[in-house]
Amino acid sequence: MNISFEKFLECLSIFMHSFFVLLMVVMCGAYMSFVERRLLALFQNRYGPNRVGWNGSLQLLADLIKIMFKEDWIPPFSDRYIFVLAPAIAFIISLMIIPVIPFTPSSVILHCNVGVLFFLMISALTVYSVLLAGWSSNNKYALIGAVRSIAQTLSYEVFLGLSLMGIVAKSGSFDLLNIVQDQKYLWNIVPQFLGFVVFFISGMALCHRHPFDQPESEQELVAGYHIEYSGMKFSLFFISEYISVISISSFMVTLFFGGWYGPWFPPVVWFIIKTFMIVLFFVLIRASLPRPRYDYVMLVGWKFLLPIALLNLLVTAGYILI
């Protein structure tokens with residue numbers, strides 16, 4: 001009886017820890033929208049949201065109240081059940097990456113020996129939510145946006161995977177903990193700079209972040225695959241995108257910037273600081289670059305990123321053999 005009770009307490013502790021981490025990630029994803037709006041206003045020399053609360057700090061609460069009172073409309077011409085299911089799938093998949101990220105040596109929800117492969121597998125699953133949303137909406141703009149998203153995601157998934165093979169070969173492991181510990185004295189961004197460039201660009205494409213937001217380009221497709229969504233369903237897609245940005249940034253810190261390693265501050269503080277700096281860089285790129293044509297996006301991937309990723313893998317293999 002004592003053993004079963006101890007197991008129950010252990011399971012309860014794991015559940016509460018996991019719930020707290022996921023809740024914090026969701027809140028960070030939501031607040032990232034506010035931070036992005038304020039930073040874009042700063043870059044563009046204008047005022048951002050500054051009316052609700054001190055300097056607009058309660059703008060997220062105002063947006064939440066507004067969204068809750070919006071009509072939860074389902075188009076009569078759509079496939080009702082798939083239409084409702086798609087945003088929930090997008091939200092769940094965006095959260096599935098978080099458990100394998102090692103924030104500190106002891107703060108990891110799910111220790112996976114093949115964490116890199118798990119990340120690649122989950123990031124490829126995002127196409128299903130987009131496909132279901134575009135198809136079930138029964139709208140030509142939504143379907144075109146979904147097709148664009150699928151082609152872009154599957155293409156850049158190839159470059160993303162190849163950019164990580166150099167790190168896997170260098171550290172000799174798919175385990176994220178081992179990869180971080182391998183960077184104790186030298187971060188991977190130094191020997192794997194080409195891989196970092198490919199990973200960063202591919203990560204932006206997988207998150208559909210500007211300038212890779214072709215699936216939802218307003219000038220061409222109005223809103224892309226979520227054109228028919230409103231209220232909380234649209235919010236799930238919206239928050240999922242920001243959670244994906246945080247996930248990609250966290251993996252970038254884990255793989256290239258030494259994870260939790262850093263002087264003076266506790267490990268988790270260093271991890272948060274590094275992740276936040278990369279997220280800020282995502283916002284800076286959105287404020288700086290125009291949106292290219294869709295065919296240019298695909299051309300850059302297959303004509304430039306693929307050779308760079310293969311060159312990085314070849315150089316890494318030569319370094320290991322020498």
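Glycine is treated like the rest: Cβ placed from N, Cα and C.
Straight from Swiss-Prot, the features:
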TRANSMEM  14-34  transmembrane segment
TRANSMEM  81-101  transmembrane segment
TRANSMEM  114-134  transmembrane segment
TRANSMEM  149-169  transmembrane segment
TRANSMEM  186-206  transmembrane segment
TRANSMEM  237-257  transmembrane segment
TRANSMEM  265-285  transmembrane segment
TRANSMEM  302-322  transmembrane segment
Proximity of the transmembrane segment (237-257) to the transmembrane segment (14-34), 3+ C-beta pairs under 8 angstroms: yes
Sequence-remote partners of the transmembrane segment (81-101) [C-beta within less than 8 Å, at least six residues beyond its ends]: 18, 21-22, 25-26, 74-75, 108-112, 115, 118-119, 122-123, 125-126, 128-130, 132-133, 135-137, 176, 226, 228-229, 233-234, 236-237, 239-241, 243-244, 247, 250-251, 254
Selected stretch (most C-beta pairs under 8 A with the transmembrane segment (149-169)) from 14-34, 114-134, 186-206, 265-285, 302-322: 186-206
Candidate ranges 14-34, 265-285, 302-322 - greatest C-beta contact count to the transmembrane segment (186-206) (under 8 angstroms): 302-322
